[in-house]
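Novice: Heads up, here are the entries from TrEMBL:
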DISULFID  Cys150-Cys154  disulfide bond
BINDING   Cys150, Cys154, His241  Cu cation binding site
Amino acid sequence: MPQPVAPMRPIINALSRASTRKCARLMSTARSSQHPRRSLPQYLSKAQAHQPLIQRRTFKTVEEAKSRYRSGPFSWKAGILFVLTGGGLLYYFEREKERMQAKRIADSQKGVGAPKVGGPFQLIDQDGKTVTEQDLRGRYSLVYFGFTHCPDICPEELDKMARMFDVVQAEQPDGLLPVFVTCDPVRDGPKELKEYLAEFHPSFVGLTGTYDQIKAMCKAYRVYFSTPSQVKPGQDYLVDHSIYFYLMDPEGDFVEALGRQHSPDQAAQIILGHMKEWKGPLKKN
């Protein structure tokens with residue numbers, strides 16, 4: 001007689017599933033006892049607990065809310081601050097660029113292999129006093145070469161020199177010495193220089209000497225000048241010469257040559273820029 005195997009199989013399967021659920025319940029209970037579940041705050045519901053945390057901005061009035069969304073993330077104050085900051089940085093970098101460029105030019109003039117401009121000399125001024133390169137030390141000097149019988153160029157340049165000196169003098173008193181050196185020592189003695197320079201500025205220093213002394217100084221300063229040959233006594237003549245202002249620093253080193261392309265105010269600002277870069281003291285009168 002066959003055994004009733006089929007009817008017993010559902011009962012065995014049911015008992016197996018019940019045993020599995022019981023084991024799972026026991027394991028869950030043990031795990032819960034080791035790590036107790038934190039309770040939700042009393043003031044939060046279950047629905048609220050599962051909501052993402054959002055930081056909300058509140059406004060006191062409707063006008064504040066409208067203003068906030070109308071202006072966006074940037075306000076007009078922030079825009080003005082941005083423009084001012086950008087302008088200030090641009091101005092700073094432009095000035096720094098000019099300063100570094102001027103410094104490079106000055107350093108290149110002092111570098112090895114660069115043409116030497118300036119040097120020792122011994123002349124006399126409009127009062128008959130001996131003047132050497134040592135008398136120009138301790139402050140900046142602006143040296144111009146010309147002659148008193150010049151019909152147009154020299155008067156224009158000396159007027160320009162007077163304007164340059166006044167602008168610099170207003171900001172750096174006694175920091176600059178204006179010097180006029182004649183290229184025509186035959187006709188320009190101390191007396192002639194004193195009368196001529198008094199028409200332009202009382203602070204100008206005029207220098208003259210023998211022809212050889214003037215020639216040596218012009219050579220040291222890289223100044224070209226030429227007088228016509230075979231001039232008869234009493235005959236008027238012109239002297240061809242370079243038209244530059246030579247700016248020398250307090251140590252007697254050449255800094256920069258200022259030409260006719262610079263206006264008096266532009267040249268004065270260039271001089272002041274160099275003077276501001278000078279770290280040492282300046283000699284006073």
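Every residue gets a Cβ built from N, Cα and C, even glycine.
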Novice: If you count, for each of the disulfide-bonded residues Cys150, Cys154, the other Cβ atoms lying within 10 Å of its Cβ, which residue has the minimum?
Specialist: Cys150
Novice: For Cys154 (disulfide bond) and His241 (Cu cation binding site), determine the Cα separation and express it in whole Å.
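Specialist: Distance between the two Cα atoms comes out at 10 Å.
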Novice: List the Cα distance (Å, whole number) between His241 (Cu cation binding site) and Cys150 (disulfide bond).
Specialist: 10
